[in-house]
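Chemist: Structure below; questions to follow.
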Amino acid sequence: METLMADCVQSSLRQFMHRNAIFLCERLCAEFPSELNSQLLASCYLHNNQAYCAYHILKGTQMAQSRYLFAISCFEMDLLSEAEAALYPSNETGSEVPNGAAGHYLLGLIYRYTDRRKSAVDHFKQALSIDPLLWAAYEELCTLGAADEASGVFGESAALLIQHQSMYHGTDSQHVQTAIEDRSVLAGRTLGPEEANSRQLKHVHGNSLRDLPASHHGTAVVVGPSSQPLNGGSSTMSVYSTPSPMSSQFSTVAPPPLCRNGQPNMNALGGESSPKSTVNTTIQAPRRKFVDEGKLRKVSGRLFPDSGPRRSTRLAAEAASVASSNSTQGGNGISHSSAKFLGAVSSSRLSSASFRSVTVRKGQSWASESLDDGKRPEAFDDARSDNSATTSSASLSGDDRYLERERGCMQIGVLTPNGSRITNGVSELLSLLRTLGEGYRLSCLYRCQDALDAYRKLSHKQYNTGWVLSQVGKAHFELVDYLEADHAFILARRATPYSLDGMDIYSTVLYHLKEEMKLSYLAQDLILTDRLAPQSWCAIGNCYSLQKDHETALKNFQRAVHLNSRFPYAHTLCGHEYVALEDYENGIKSYQSALKIDTRHYNSWYGLGMVYLRQEKFEFAEHHFRRAFQINQRSSVIMCYLGMALHALKRNDEALEMMEKAITADRKNPLPMYHKANILASLERFDEALENLEELKESAPHESSVYALMGRIYKRCNLPAKAMLHYGLALDLKPSAADTAVIKSAMEKLHVPDELEDGL
């Protein structure tokens, strides 16, 4: 009953029927209270986004997987200290982090959000060393600016590790799936549909529910890769390898014969291993000799030890031994117990499948459960006899012979066609990850043009995916190429209209382009897609901010923060709106909140610098602009404002040098050329200043501030006619009300000497 209920829970989870899974699992825990069943119930609540329920269920548990699930619950509830204590108890020095790579990744996130960058980097790297395909860990390293080159992370060592893991762990599903398919084909050919279905049902009740020594809780609670070792030791399967009590309602059903690493001689079946002979002998199953329940428990205990050899290697060795024995034994097949297959895999999907025979190599089959009454294969161990005393003594020699076969199989496993397919697949996958990883790493380092070049190396199919196109759009956004960014995001929306990744940046692109209609349409579309995503409310906030409704924009950005408090860009946008409302204190708090989440979020460092620049706290402004510049060393805007802060501090030589860097970084940006001219004018280098402004006038002919600055310089050069001309041109370009007032005031004082003007 316990296994049946667990299997029903797993089935409900696979079909996303979370409420049904919770109900059934509560009945399971009430009937069979155990920590394993509590794990399953907690996983049901986690699937249903009820982390607080899982938290109360698992609080105080000690098993490795329980601690991992408890840490997940704490992390979702923002109880980071409790999550850290569950994963890495301070009183247990040298203890392993549960759940392998996934555990290290979760611990890295905890350290990152508690501002312990070095520890976070260490655990992300450990996660990648255990599982090179854990892309999320590499993403976090890129975000922290600590990622190694992708060619090193996804290189030859990663390929060898993945091949090793595939050899030891990946063959389970392949062999078992082959067994299911071949058994179904054989049953369909030899039996009618109704008879085949009835036999499958009988096998499920008589074999899977009674004789499986492994529990079926594994697939629901494992969040990381299925092959990930828990607590650094046994695999996920072995954690749940606790036999369930024998149910009395199945006591009349005889268990299947247990095959102890043997190779039965199929000559006992008439010298042929045809489907017909297999089925006929299988139908005569009630006449076979079986081990009684006491012996069954003893034998199964030796067959499936917690710390024994990996089961996937046993399956691989059996497959290799089939191929070798077929070439030497002629038409003889190999008999293998279905109980061994089922015990080797802790997957609920397997509990409903029965294995009668596995077809291998041109129709030859493993005829499981096909022995005649009273006949025993030559290669069978003496453990098949009724004498329980000989069982323990004969099993050792059988294990020794099996281990020898296993070692031989692992030597030649890479040479098989399946091994070559794995090698080719790993090579292609790592090549793809190297390209994607290098592009993402360069993007996080704000080497955006290099990142774009990396992404262009992708195939047409990979390049035209939503994620890649969003990254391309972000790169163009950082390069202040808003038109190209708009085009990339349009393609991304077309490829994956359901994805919201990067849509917060896209809304900012439309904000800078002043595309009110497109921004309004995007915001409404995102809300219809997912109204609980922070990107949706960021888009709405940008829409109101573009209309100068800063209070409503602020409310929408705060809504995004409430939906995801770990979304740094939402905090930054809140800071921008506070500054627009001249609420500098709350603006500073918002920027600092963003930096607590991501210290490399340069937008917040820039925002803090702007606040202090407005408050004329130039030392603080220079510090925060420099921090932003250290993160993004290719931003012309940051260089320009850093130069302005240096100029305010009377460090004019450094300011001019920074302006030159800003101009070189982006020739299309008029701001650094304007401020360079302003600095030159303050140093009374009027000719150089006018030369820069004349060049700037060609690239930005509609900037009123350029003409106003030229008018001021001409006045200081005692050229009032030219000054009046340029002041008039500045007014014709309809500047803002504040700038208009300044220009008119300068025109009124045009004939007033500079010395008297300073005193007025």
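Note: Cβ is positioned from N, Cα and C throughout, glycine not excepted.
Grabbed the feature section from TrEMBL, which reads as follows:
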REPEAT    101-134  repeat 'TPR'
REGION    225-252  region 'Disordered'
REGION    300-333  region 'Disordered'
COMPBIAS  314-327  compositional bias 'Low complexity'
REGION    366-398  region 'Disordered'
COMPBIAS  372-385  compositional bias 'Basic and acidic residues'
COMPBIAS  386-396  compositional bias 'Polar residues'
REPEAT    534-567  repeat 'TPR'
REPEAT    568-601  repeat 'TPR'
REPEAT    602-635  repeat 'TPR'
REPEAT    636-669  repeat 'TPR'
Chemist: Counting each residue once, how many in the repeat 'TPR' (636-669) are helix, strand and coil under DSSP?
Modeler: 27 helix, 0 strand, 7 coil
Chemist: So which residues does the repeat 'TPR' (602-635) touch in its own chain, when a touch means Cβ under 8 Å and the partner is 6 or more beyond its ends?
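Modeler: For the repeat 'TPR' (602-635), the far contacts come to 145, 446-448, 478, 568-569, 571-572, 575-576, 579, 584, 587-588, 591-592, 594-595, 641-642, 644-646, 648-649, 665.
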Chemist: State the non-local partners of the repeat 'TPR' (636-669) in its own chain: residues 6+ outside its ends, Cβ under 8 Å from one of its Cβ atoms.
Modeler: 479-480, 602, 606, 609-610, 613, 616, 618-619, 621-622, 625-626, 628-629, 675-676, 678-680, 682-683, 699
Chemist: How does the model score the repeat 'TPR' (636-669) in terms of mean pLDDT?
Modeler: 93
Chemist: Looking only at residues six or more beyond either end of the repeat 'TPR' (534-567), which have a C-beta under 8 A from one in the stretch?
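Modeler: Sequence-remote neighbours of the repeat 'TPR' (534-567) are 78, 113, 500-504, 506-508, 510-511, 514, 516, 519-520, 522-523, 526-527, 573-574, 576-578, 580-581, 597.
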